[in-house]
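Participant: Sharing a structure with you now.
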Amino acid sequence: MEQGNKSIVVDAGNTRIKVGLFQGHDLQEVHAFSNDELDKLKSLLIKFKNLSGIISSVRSDKNTKWLKGLLPNAFLFNHQLSIPLTNNYESPTTLGIDRLANAIAAANISDKNALVIDIGTCIKYDFIRYPQIYEGGAISPGIELRYKSMHQFTGKLPLVEDRIQGPFVGKNTLDAMRSGVINGMHLEMVGFIEEYRRLYPELTIFLTGGDSQYFELGNKYGIFADENLTLKGLLIALIHAQTTFSSSN
Ligand SMILES: Nc1ncnc2c1ncn2[C@@H]1O[C@H](COP(=O)(O)OP(=O)(O)O)[C@@H](O)[C@H]1O
Ligand SMILES: CC(C)(COP(=O)(O)O)[C@@H](O)C(=O)NCCC(=O)O
Ligand SMILES: [K+]
């Protein structure tokens, strides 16, 4: 099969593994797999095993090796790979590689400071100082982690599995938990945004992640929402790695 200028990008998060198929710079297909769909993921990756690509994984080393084994021609995105950013994190080698991918995408698009908010298993806040300097950010629990921990560490709280916002003043247990989690995350994010804007008035804000669809952060911040920001950052990292790799050979 003629696969031309096609590449495969894998973003293995803790809840879902996302796969992007690019033709040049165009993201043509996105597939997402939960942890009980790894056989389906394997069947897809086998079809594209000859493609060049890049794998980003914040999962266990075993899981990451399994992915790399399925895509032998792909780079493993890690802290040894050259990137088009300066990393000012104090522990650069422990920085989540998905956060770095988001930062690369944001720095590529924004012509000023940038803040990425990625709502997945965790909420990741990442600040990129113009031009191309990754500074750091914050990590807090996402929706499922909040609901699961309230259920697991109490005797009486049920496990909430929906994504309903609930009224601000919750009038029963379920609504009180929904308000605490969904309204709580909303207020947390607005609080972070307001403080970042106060500290850095020139700021582009990016929103991504599987649970970003449940939050309306309002027009006043001019938010740039892109569900596939991480995949796009990984493509830029791949192109950068290919360029530096071939020029050093
Ligand atoms: N089709 C889907 N299947 C499962 N979860 C989904 C789906 N679409 C959106 N989600 C939401 O995405 C969240 C995970 O977001 P994601 O950004 O993929 O996280 P991570 O990168 O940490 O794995 C889940 O908590 C879930 O609510
Ligand atoms: C914070 C994370 C667990 C987020 O994972 P995710 O929500 O994307 O599944 C991941 O980026 C990670 O393992 N980070 C390492 C610690 C750090 O970034 O400093
Ligand atoms: K992620």
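Numbers here mean position along the shown chain, with the first residue as 1.
Keep in mind that glycine also has a Cβ here, set from the backbone N, Cα and C atoms.
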Participant: Using only what TrEMBL says about ATP binding by Asp11, Ala12, Gly13, Asn14, Thr15, Arg16, Ile17, Lys18, identify which of Thr121, Thr154, Thr173, Thr204 is listed for that site too.
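Facilitator: Among Thr121, Thr154, Thr173, Thr204, only Thr121 appears alongside Asp11, Ala12, Gly13, Asn14, Thr15, Arg16, Ile17, Lys18 as ATP-binding in TrEMBL.
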Participant: Need this for a regression test: binding-site residues Tyr89, Gly96, Asp98, Arg99, Asp118, Thr173, filtered to those with Cα within 10 Å of Asp11 (ATP binding site). What's left?
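Facilitator: If one measures from the Cα of Asp11 (ATP binding site), the binding-site residues that come within 10 Å are Asp98.
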Participant: Using CB atoms and a 10 A radius, I'd like the single residue among the binding-site residues Gly13, Gly96 with the highest neighbour count.
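Facilitator: That would be Gly13, with the highest Cβ count within 10 Å.
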Participant: Please list the binding-site residues from Ile17, Tyr89, Arg99 whose Cβ falls under 6 Å of any atom in ligand 2.
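Facilitator: What lies within reach of ligand 2, judged by Cβ under 6 Å, is Arg99.
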Participant: Excluding Asp11, Ala12, Gly13, Asn14, Thr15, Arg16, Ile17, Lys18, Thr121, which residues of the same chain place their Cβ within 8 Å of the centroid of the Cβ atoms of the recorded ATP site?
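Facilitator: Everything else in range on the chain: Ala32, Val58, Arg59, Asp98, Gly120, Gly210.
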Participant: Would you mind sorting out which binding-site residues among Gly13, Thr15, Tyr89, Ile97, Thr121 put a C-beta under 6 angstroms from ligand 1?
Facilitator: Gly13, Thr15, Thr121
Participant: With Ile97 (substrate binding site) as the reference Cα, tell me which of the binding-site residues Gly13, Ile17, Asp118, Thr121 is the closest one.
Facilitator: Gly13
